[in-house]
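What TrEMBL records for this protein:
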- 90-201: domain 'DOMON' (DOMAIN)
- 208-402: domain 'Cytochrome b561' (DOMAIN)
- 247-268: transmembrane segment (TRANSMEM)
- 280-300: transmembrane segment (TRANSMEM)
- 312-330: transmembrane segment (TRANSMEM)
- 350-368: transmembrane segment (TRANSMEM)
- 374-393: transmembrane segment (TRANSMEM)
Amino acid sequence: MGEEVERQLSPEEENQSIRDIDVGDTFYYLVTQSLQQMWLLIVKLTVECFSFFSHVHSQSSDSCNSPLNLPNPPRFETSSLNCVIVWSAQSFILRYVQASPNVWNFILSVPNTNAYIAIGFSPDGNMVGSRAIVGWVGADGMADIRKYYLGGRTPDLVRLESPDQGLQVVNSSMIVRSNHIYMAFQLISDRPSTRLVYAVGPEGRLPSRPNFQLSEHRDMVSTTLNYATGQFQTKQSQQASLLRSHGLLNMFGWAILMPIGAMVARYMRKWDPIWYYSHAMIQSFAFILGFVGVICGLVLENRIDASVTKHKGIGIFILILGCLQVIAYVARPEKTSNSRKYWNWYHSNVGRTLIFFAAINVFYGIHLGNAGSGWNAGFAVFLVIIFVITLILELRIMCLKK
């Protein structure tokens with residue numbers, strides 16, 4: 001065994017070691033500060049979520065187990081009503097009973113969100129062709145109930161009916177109790193349709209004089225109710241399912257997986273070739289999801305005849321950028337080629353542009369679809385986390401270059 005000799009560091013090596021320690025300390029400080037900021041953000045979001053769920057819980061104070069004690073009772077008997085939670089997502093509760101051979105009593109209770117509520121009696125389970133009873137309570141406390149014929153999918157095809165048209169409704173009233181509204185009415189019918197459609201309008205956009213035109217609903221559901229047993233089945237609207245698929249596919253494809261794939265390409269290059277195959281697989285999967293999402297959007301636009309020109313234009317632009325990235329991948333030059341640096345610049349900047357417009361279009365799509373603040377908050381949290389991680393890694397790269 002030879003004798004082990006300790007090697008002395010040269011002055012240049014000692015300086016390099018000191019620089020490495022300084023860089024490590026700086027990076028540790030930046031990471032610590034960033035984690036502290038992320039912890040404060042998580043605590044704040046937790047408090048906001050707790051407040052939100054407390055608000056939702058307070059909205060759902062009415063139930064089939066609680067007595068129906070209304071300040072201004074309807075103009076009919078309410079002691080023997082059957083009770084069914086017909087739409088749990090919107091806390092819609094329907095109470096009903098057959099008062100006589102051709103008279104039915106109905107009370108629909110809903111949290112008051114400053115939006116109209118509607119119950120439609122449909123011949124086939126679809127909203128189009130239904131006759132609906134719509135009620136609302138304004139900010140000034142003034143309430144109203146109107147009858148409508150739903151002749152199409154757009155507001156201009158929804159027709160206000162006079163008292164002697166359509167459904168024979170008597171003794172109708174709107175009652176406010178705490179944070180709930182109760183739409184009560186009697187329906188003159190031997191046997192009401194068992195296929196009932198429920199809808200809730202956009203917040204703050206109530207029908208008004210002179211024509212009381214309805215804005216497009218924020219959400220709806222179609223059900224089949226057995227009046228004898230109280231059992232019901234929910235029919236998922238094809239349009240609602242298509243809308244949800246369109247939103248989720250585009251969000252996960254263009255706006256979630258694409259940024260993650262881009263980060264893999266930028267910050268994992270020391271793990272070659274793992275980073276390359278990971279980047280290619282993530283981006284390919286993201287492109288497929290986004291492509292299918294765009295197709296769903298085009299089909300949905302054709303079915304509901306929606307006017308979403310800006311949203312559609314941005315979506316097609318994103319799809320074109322995605323196709324250009326696929327073409328660029330196929331036509332990429334060799335690493336030793338002089339044109340490789342131009343290709344790298346093109347590939348990275350087209351990708352950044354795609355991600356930027358995808359994030360904007362996701363927020364815009366959430367707004368158009370009236371998906372609610374929860375989706376906005378969730379997507380915003382993801383973007384904040386991605387931004388913080390990117391900032392930390394960029395600072396690390398800057399420190400290591402010094």
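Placement of Cβ uses the backbone N, Cα and C atoms for every residue, glycine included.
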Could you count the residues of the domain 'DOMON' (90-201) that DSSP puts in helix, in strand and in coil? 4 helix, 66 strand, 42 coil
Close approaches to the transmembrane segment (312-330) from elsewhere in its chain (Cβ under 8 angstroms; 6 or more beyond its ends): 250, 254, 280, 283, 287, 290-291, 294, 297-298, 301, 343, 346-347, 350-351, 353-354, 357-358, 360-361, 364
Taking a Cβ cut-off under 8 Å, which residues six or more beyond the ends of the transmembrane segment (350-368) line up next to it in the same chain? 246-247, 250-251, 254-255, 258-259, 262, 290, 308, 310-311, 314-315, 317-318, 321-322, 324-325, 328, 375-376, 379, 383
Mean pLDDT for the domain 'Cytochrome b561' (208-402), as a whole number? 90
